[in-house]
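Engineer: This is the structure I want to talk about, given as structure tokens.
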Amino acid sequence: MADRRNRCNQILLLAYQSFGLVFGDLSISPLYVYKCTFYGGLRHHQTEDTIFGAFSLIFWTITLLSLIKYMVFVLSADDNGEGGIFALYALLCRHARFSLLPNQQAADEEISTYYGPGDASRNLPSSAFKSLIERNKRSKTALLVLVLVGTSMVITIGVLTPAISVSSSIDGLVAKTSLKHSTVVMIACALLVGLFVLQHRGTNKVAFLFAPIMILWLLIIATAGVYNIVTWNPSVYKALSPYYIYVFFRDTGIDGWLSLGGILLCITGTEAIFAELGQFTATSIRFAFCCVVYPCLVLQYMGQAAFLSKNFSALPSSFYSSIPDPFFWPVLMMAMLAAMVASQAVIFATFSIVKQCYALGCFPRVKIVHKPRWVLGQIYIPEINWVVMILTLAVTICFRDTRHIAFAFGLACMTLAFVTTWLMPLIINFVWNRNIVFSVLFILFFGTIELIFVASALVKIPKGGWITLLLSLFFTFITYVWHYGSRKKYLCDQHNKVPMKSILSLGPSLGIIKVPGMGLIYTELASGVPATFKHFLTNLPAFYQVVVFVCCKTVPIPYVPQKERYLIGRIGPKTYRMYRCIIRAGYKDVNKDGDDFEDELVMSIAEFIQLESEGYGGSNTDRSIDGRLAVVKASNKFGTRLSRSISEANIAGSSRSQTTVTNSKSPALLKLRAEYEQELPRLSMRRMFQFRPMDTKFRQPQVKEELFDLVNAKDAEVAYIVGHGHVKAKRNSVFVKQLVVNVAYSFLRKNCRSPGVMLNIPHICLIKVGMNYYL
């Protein structure tokens, strides 16, 4: 009984919190739906039946798409609790070979969160349809492009939502005051600038206000709706019957169909409900929507319909005109607050989708900021923040009329919903293992409805929808070009990797001079020796005594448990002292800015050495072989092989180095000193600990010797070697490929964050190796 009560309390708490982050965009739609619906030819059909028909369309659109499609079906297609367009794609990539990146390993499937509980789909034989997609590269490319189009629509919505939300919330000032429309636009721009400028500070100090603001807003609009129903037309409840939809199209004809571009605005923000699923639970979101959001919105739209059925002249400003005069200013203030909350949630969703896109190799490297005091999962991306702000201001100033912004907004939201509708049948068939008949029925029912709305929205392209096409094409081009270039570069690395025979033929010394220290060679290859290593030895025939090839890769799951992130293996015989470390992360994982990476790496390698000597064959050992890589996961004994103590020698050495540089008068050395002092705190933290093998008896003396070599190498010096590539298309490539690789992809590589910054590598420990790539 106590557990059941605790579960209920948890659901209620999450449902309460979801109002501030999930339902903001959907809840402010009443500000502009009727205004945009009765635009164009429909203004000439000002009858009660037309008003009732518009409300009936709104009611059934919310019911069929928001309530049934999303609450019943789409929310069930979560990826370990995460939602969004990339969650669906990741699910498909795990249950079928749909990914175009060839760096997936069998060991990835052994992650505890890779498959859901009770998931038996991996043991089922592949269907003919599934095998057809897996074998056909064009089908997989088409699926990826579909996902990237959906991703681009999310970013476009991130541009348009703040513009239409803030502008619509203060539109009432034009009708109620003598302010000019240009003045109202400037007020909206000022609010938008303030919203984006404060993004870098996070929302942890004000996030507790979001839910109360949205709940109060929903109660206000529901109360206003009830007031208008009782005051103006109590018989409006009859419009709940779909019969009025028939009457609507019978009386309005083509004008009624064109007005669907305004009707569809009633479900804008529904996709955000699914995208923000990871912050809450499907049960809590369903509870909040069905018990509060849905009835409040229906009452508000019904109330506006009752008011408009007796006041046709109020159509251009239907929402604020339906508010009683004594409550106008309080409602205006609440509308502005609700618009800011809704905009904040969409901006956060934009950061999140860009992070996921980058993690899965579909977006250029950008700075991702997460501070410990922020809400779990909250991130900030400076480049995206300023680009979205500039685009939002440009849309607000250029369009001025919120109806034109709304038409662009509606096209983006409906296209995103349409993409989800096309992905869901694949989920039903491949992930849920339901009969293909259910997939066909799903896409026929919901796809037909949404196709009608999309067709109506496309007609609005000259009246504002063109901005959606322009932005979505721009972002789709960027994401696909980056994915294409990254995939070609990976395949080039894979083709040019050094054969193991040539490494083994060099002997333990590798034919070079070995110096004390540890060299970490970063590569995208999950197997084999990268050409970067050979290129380095060719130009400088000396290297560190311990070599570790580090591969940071993203697995198509939201989060990888910390104890399962490091996969350690050996390259060549033990005397070579060459290891491989594969660091796996989920597409929602945020890299910590901590300085314990070197310590974790040394501990992991030491664990691998000991487990290898013990012939450990328990459940923690992955017996799969990736080339010459034996993948071993951390055991329960992890961290017990080495002891750690504070190194006074390194601290003293740092002080001596600083004194030497300070006394120098060389401008070059003084400049180097400035960079060194900037990195000194981080470097000191990385070097302040020394490792020593535990006082245990080793069955094999070679194990103790190898552990001492590992520890001494770490204490001596750790250097990070990263390839610095120059990418060009092959001379015999077609013109389009040369344009994409030599111009677009090269431009993105030169103007995005460097790998060293993304990997949190200290600048003074970084060595870049130049490489030429001909794709």
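Count begins at 1; order follows the chain as displayed.
Placement of Cβ uses the backbone N, Cα and C atoms for every residue, glycine included.
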Engineer: Checking the topology in Swiss-Prot: do Arg201 and Phe430 fall on a common side of the membrane?
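Structural biologist: Membrane side for Arg201 and Phe430, as annotated in Swiss-Prot: identical.
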Engineer: For the set Ser168, Ser635, Ser647, say which residue Swiss-Prot annotates with phosphoserine.
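Structural biologist: Out of Ser168, Ser635, Ser647, Swiss-Prot attaches the phosphoserine annotation to Ser647.
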Engineer: Quick test of the contact rule: Cβ under 8 Å, at least six residues beyond the ends. What residues does that give for the transmembrane segment (464-484)?
Structural biologist: 100, 144-145, 148-149, 151-153, 155-156, 159-160, 357, 361-364, 391, 395, 399, 403-409, 411-412, 415, 457-458, 740, 744-745, 748
Engineer: Could you give the residue numbers and ranges of same-chain residues that sit at least 6 residues beyond the topological domain 'Extracellular' (308-327) on either side and whose C-beta is under 8 angstroms from one of its C-beta atoms?
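Structural biologist: The answer is 30-32, 34-35, 38, 43, 46, 48, 51-52, 171-172, 174-176, 224, 227-228, 232-233, 236.
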Engineer: Which range wins on Cβ pairs under 8 Å with the transmembrane segment (408-428): 178-198, 254-274, 328-348, 379-399?
Structural biologist: 254-274
Engineer: State the non-local partners of the transmembrane segment (55-75) in its own chain: residues 6+ outside its ends, Cβ under 8 Å from one of its Cβ atoms.
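Structural biologist: For the transmembrane segment (55-75), the list is 26, 33, 83, 236, 239-245, 248, 260, 263-264, 266-267, 270-271, 273-274, 277, 282, 285-286, 289-290, 294, 297-298, 301-302, 304-305, 417, 420-421, 424, 442, 446, 449-450, 453.
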Engineer: Under the DSSP assignment, what numbers of helix, strand and coil residues are found in the topological domain 'Extracellular' (400-407)?
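Structural biologist: With helix first, then strand, then coil, the topological domain 'Extracellular' (400-407) has 6 helix, 0 strand, 2 coil.
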Engineer: Summarise the model confidence on the topological domain 'Extracellular' (400-407) as a single mean pLDDT, whole number.
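Structural biologist: Residues in the topological domain 'Extracellular' (400-407) carry a mean pLDDT of 87 in this prediction.
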Engineer: Sequence gap of 6 or more, Cβ distance under 8 Å, 3 or more pairs: do the transmembrane segment (206-226) and the transmembrane segment (144-164) meet that?
Structural biologist: no
Engineer: What same-chain residues lie close to the transmembrane segment (379-399): Cβ under 8 Å, and 6 or more beyond its ends?
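Structural biologist: Tertiary neighbours of the transmembrane segment (379-399) are 155, 158-160, 162-163, 166-167, 185, 188-189, 192-193, 196, 199-200, 202, 347, 350-352, 354-355, 366-370, 405, 408, 464, 467, 471, 590.
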Engineer: Which numbers of helix, strand and coil residues does DSSP report for the topological domain 'Cytoplasmic' (275-286)?
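Structural biologist: Helix/strand/coil tally for the topological domain 'Cytoplasmic' (275-286): 9 helix, 0 strand, 3 coil.
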